[in-house]
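What follows is a short report on a single structure.
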Amino acid sequence: MPPPKPGSKLFAVVRPFSWGVWVAVLLTLLLIAPVMSFLDHFAEHLIPKLYPHRPDAKVRYFSIQWYMFGGLLSQGGQVIPTNTSSRVLLGVWWLMAITIIASYTGTLIAFLTVPTVTDKINSLEDLTSQTELRWRFRRDTAHDSLFSTSQSEIYRKIGADPSSRVASDDEGIAGVLSGRYAYIKEKSYLDFVLDDDFRTTRQCRLKIAREEFFTAGFGWILETGSPVRDLFNWEFLRMSESGLFSRWRSEYWPKPSNCSTRAIFTDVTTKPLVLEDIVSSLILYLMGTLLALLVFLLERLVRIRPGRQWEETEKRRGKAAEAGRWAHPHTVRRWHGR
């Protein structure tokens with residue numbers, strides 16, 4: 001079958017951590033600010049402050065929240081706790097933040113520089129449960145008989161499509177190279193095809209699934225009642241027990257290559273980053289920009305409405321004061337006379 005393709009790097013920014021880790025980090029970020037605020041604002045009644053002569057050292061809640069968020073981005077701030085307990089909590093937070101930052105950075109670099117490959121098809125069950133690849137096998141072979149007469153649901157599903165049968169192995173391999181088909185054949189044959197293609201192209205254009213099925217042996221066909229049958233059986237048994245088969249296999253069988261060992265991507269040289277590698281960062285930047293614009297509009301709405309209400313109130317007060325002066329002129333004169 002065709003080798004697996006590298007995974008998309010569209011969401012590489014969030015892939016270094018699982019969703020459970022992201023939720024835990026978010027909850028920790030949201031919970032530590034109230035605890036920090038409590039220690040800073042309420043513990044002062046029980047424990048003396050480190051700087052009692054500085055009333056301006058009091059830290060606001062949102063300043064603490066932003067400071068904790070900046071810690072996850074390796075940024076400092078102006079938040080200085082006023083008691084020892086808050087400083088201990090802050091030190092523990094920074095230790096955790098440094099660990100998270102180091103883990104995230106290392107994993108992100110690995111995601112960007114090393115292709116992530118996932119084998120989605122490793123068995124006949126996987127092959128029949130997906131829609132990206134169709135399957136083929138050679139007509140009038142043991143596999144054709146198996147898929148046509150077996151009572152297994154998987155086998156019957158594979159043999160139900162008449163177009164899945166091909167007349168030659170070359171036709172089946174050509175379908176695999178087109179990237180649209182998987183070819184079902186004896187593993188001994190596929191091992192040599194894989195090795196020959198790698199030697200010719202120096203690329204891993206083919207892949208053999210990990211799980212095997214329909215295990216069968218091989219032998220010599222002799223005439224019924226042949227006098228040499230027992231001799232053949234005895235000599236084959238001797239060669240198998242003496243290790244000759246294993247020796248011949250290691251000597252004449254294709255040597256393990258990068259393709260057969262599933263090391264599909266062998267080029268580990270340093271490569272410059274391309275646009276695809278940083279597209280997730282650009283998407284994150286765009287989302288942050290849109291969020292900032294939305295917050296800006298909300299701030300404008302919140303500030304404009306109270307401002308208009310204040311102006312209307314001042315106008316009403318001015319009109320009321322003007323009406324009062326005309327209604328009680330003696331009060332105005334008496335005031336001027338003082």
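The backbone N, Cα and C atoms fix where each Cβ goes, glycine too.
TrEMBL lists 20-39 (among others) with the feature transmembrane segment. Beyond its flanks by at least six residues, the transmembrane segment (20-39) meets 14, 59, 61, 64-65, 68-69, 72, 81, 83, 85-86, 89-90, 93, 96, 100 of its own chain at Cβ-Cβ distances under 8 Å.
Look at TrEMBL and you will find 24-255 tagged as domain 'Ionotropic glutamate receptor C-terminal'.
Taken from TrEMBL, the feature transmembrane segment applies to 92-114 (among others).
A sphere of 10 angstroms centred on the C-beta of Ile121 (site 'Crucial to convey clamshell closure to channel opening') encloses 22 other C-beta atoms. DSSP assigns Ile121 (site 'Crucial to convey clamshell closure to channel opening') to coil in the three-state reduction, outside any helix or strand. Residues or ranges marked as site 'Crucial to convey clamshell closure to channel opening' by TrEMBL: Ile121.
Glu186 (L-glutamate binding site) carries neither a helix nor a strand DSSP state and counts as coil. If you look up TrEMBL, you'll see Glu186 marked as L-glutamate binding site.
What TrEMBL lists as disulfide bond is Cys204-Cys259.
According to TrEMBL, the feature transmembrane segment maps to 278-298 (among others). Counting only same-chain residues 6+ beyond the ends of the transmembrane segment (278-298), those with a CB under 8 A from a CB of the stretch are 9-14.
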Sparsest-packed among the recorded positions, when each Cβ's other Cβ atoms within 10 Å are tallied, from Glu186, Cys204, Cys259: Glu186
In three-state DSSP terms, the structure that Cys259 (disulfide bond) belongs to: coil
Rounded Cα-Cα span from Ile121 (site 'Crucial to convey clamshell closure to channel opening') to Cys259 (disulfide bond), Å: 16
